[in-house]
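Novice: Sharing the feature lines straight out of TrEMBL:
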- 34-44: compositional bias 'Basic and acidic residues' (COMPBIAS)
- 54-63: compositional bias 'Polar residues' (COMPBIAS)
- 85-95: compositional bias 'Polar residues' (COMPBIAS)
- 354-368: compositional bias 'Polar residues' (COMPBIAS)
- 46-130: domain 'Bacterial Ig-like' (DOMAIN)
- 153-233: domain 'Bacterial Ig-like' (DOMAIN)
- 249-335: domain 'Bacterial Ig-like' (DOMAIN)
- 361-440: domain 'Bacterial Ig-like' (DOMAIN)
- 463-546: domain 'Bacterial Ig-like' (DOMAIN)
- 26-100: region 'Disordered' (REGION)
- 347-372: region 'Disordered' (REGION)
Amino acid sequence: MVTQMPRESDLVGNAPWHRREYGLYGQYPGTRGPGDRDGGRQCEPHTGALQKGDISNDNTPTLKGTALPGGTVTVQRHGDRQRQKNNNGNWSLTPESALKDGSHNLTVTVVDSIGQTSPSTGDFGIVIDTLPPAPATGLVVTDDYGDVQGPLSAGSTTDDNTPTFSGKADVGSVVNVLDNGKVIGSTTTDANGNWTFTPSTPLDNGAHDFTTTVTDAAGNTSGEGEHLAVTVDAIKGQVQLTGLVDDVGDIQGTIAQNGVTDDTRPTLNGTAKANSVVTVSDGTTVLGSVTADSNGNWSFTPAVDLGQGAHSLSASAKEPAGGVSTSGSWAFTVDSVAPTAPFIDSAADDVGSVQPQNMQSGSATDDPTPTLAGRAEANSIVKVYDQNGLLGSVQTNASGQWSFTPTSKLSEGEHRFTVTATDKAGNVSDPSNTFTLTLDFTAPDASKVAITGVDDAVGAIKGNVAVGSTTDDNRPTIKGTGAEAGNTITVYNGTTVIGTALVQADGTWSLKPTLPLADGLVTLTAKESDLVGNTTVASPEYGFTVSTQAPAAPGDRDGGRQC
């Protein structure tokens with residue numbers, strides 16, 4: 001600020017200096033903001049009013065001041081002058097040629113309308129610096145959070161979303177930190193040129209390209225320094241076990257928690273964060289590692305057989321960002337020892353007239369679905385076979401007993417049954433003993449079954465009772481023929497069984513009724529049943545009359561004695 005002392009004019013126009021203040025201001029170029037009367041700091045970091053001794057990167061700064069209205073303002077620097085008419089007491093002037101880099105001392109004088117020149121202002125010193133500083137060097141981004149910490153390498157992943165940035169730049173300069181081309185903050189270097197910066201706002205998850213620029217005291221900004229590309233992944237993952245799979249033997253599929261398997265190398269499946277390294281352990285023993293795929297899925301199969309007995313598998317996952325999580329456990333038992341061979345003890349028939357309940361191997365039956373029974377390991381699965389293949393299966397009880405009835409009828413002929421036992425782990429035993437049954441569904445030849453005679457052995461008239469005749473023998477001997485020796489003949493009076501007999505080697509048979517026949521018409525038929533109960537249709541009827549009452553005397557209506 002320069003002070004001018006006005007004075008009164010004499011008759012020839014000389015006037016004393018009146019006291020009047022006028023000023024000199026330097027200003028960076030820029031658009032004056034609302035309410036910024038002095039052209040304060042604008043968009044570029046170093047715009048606004050300059051003070052004496054300031055440094056500027058504007059080599060054509062605008063000079064402003066106040067002086068006596070109507071005078072001519074002269075700005076002088078290093079012997080160069082530039083004039084500006086001052087009409088209203090405020091003036092501004094921009095150098096016609098750029099100022100060179102370096103120190104500049106500016107002074108101002110005013111010549112009034114009658115040619116008087118004011119005293120010069122004091123020096124207004126500024127430094128022009130238009131050269132950008134050197135970029136920062138030694139960019140380091142440090143992870144100081146979680147299980148894995150330390151400097152990040154290019155292409156690495158971090159779980160720290162507020163990592164620490166550091167490096168070197170010119171002493172006293174401002175370092176701007178950029179993330180994907182946008183400034184996320186700035187800091188000032190110390191007396192040794194070192195700087196550090198930690199974001200106040202957490203970085204987004206995803207890819208980041210970090211770099212820096214340097215701004216000096218004049219406002220010059222360097223080009224970008226070193227770049228460092230990393231991925232931020234601050235989402236915590238959790239490794240999980242989704243299943244343990246048996247793909248060996250008779251029983252395959254998922255092994256339940258606390259289940260049993262015959263697979264000594266079952267496959268453990270699970271999930272984790274994508275690309276995590278999953279380490280699988282059996283108790284405290286590490287079995288191996290596998291990397292989760294891009295969807296986070298993983299599976300692991302042991303490289304060596306697990307031993308017999310109890311096992312507990314678990315997994316830990318190390319994420320690409322360094323975080324570690326641990327799963328729960330999957331408990332199971334390995335049992336690869338096959339059970340002992342089972343037994344078929346007997347068979348039972350529940351069809352027809354003959355129903356043996358304890359048939360042994362070699363027996364015959366007319367039951368197309370005989371029930372087999374035997375022994376095997378407790379709670380094992382017994383599979384029943386004949387020479388044609390698998391018939392079905394059944395589970396033994398806690399005592400190892402089992403019984404099985406085919407759901408479909410078996411064919412006629414010999415059947416050789418065997419069984420195997422499969423334990424809970426899927427181990428299969430050797431086959432059992434062979435149990436043979438002959439299935440016979442064919443009845444004897446009915447054409448050979450006949451009643452050939454009835455022998456009366458009572459009273460005056462004895463001998464054969466012809467069809468349609470009368471006999472006084474109510475237990476006559478009934479004779480006939482059959483189809484096969486050893487078969488059973490059953491004789492009926494109408495629908496009532498009156499006796500049975502075996503067919504003899506010569507094909508004949510005979511029997512006496514077990515109870516006396518009632519007087520009246522008798523209609524006999526015979527049926528033949530083989531050893532397993534197959535029975536023929538009834539033979540042709542053999543009819544006669546039984547009369548055991550004596551006839552009345554002639555003329556004796558009541559049949560009593562007369563006088």
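Note that Cβ sites are derived from N, Cα and C of the backbone, with glycine treated the same way.
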Novice: So what's the average pLDDT for the domain 'Bacterial Ig-like' (153-233)?
Specialist: 95
Novice: If you run through the compositional bias 'Polar residues' (54-63) with DSSP, how many residues end up as helix, strand and coil?
Specialist: 0 helix, 4 strand, 6 coil
Novice: Tally the residues of the domain 'Bacterial Ig-like' (46-130) by DSSP class, grouping H, G and I as helix, E and B as strand, and everything else as coil.
Specialist: 0 helix, 41 strand, 44 coil
Novice: So, by DSSP, how many helix, strand and coil residues make up the domain 'Bacterial Ig-like' (463-546)?
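Specialist: Taking each residue of the domain 'Bacterial Ig-like' (463-546) in turn, the totals are 0 helix, 42 strand, 42 coil.
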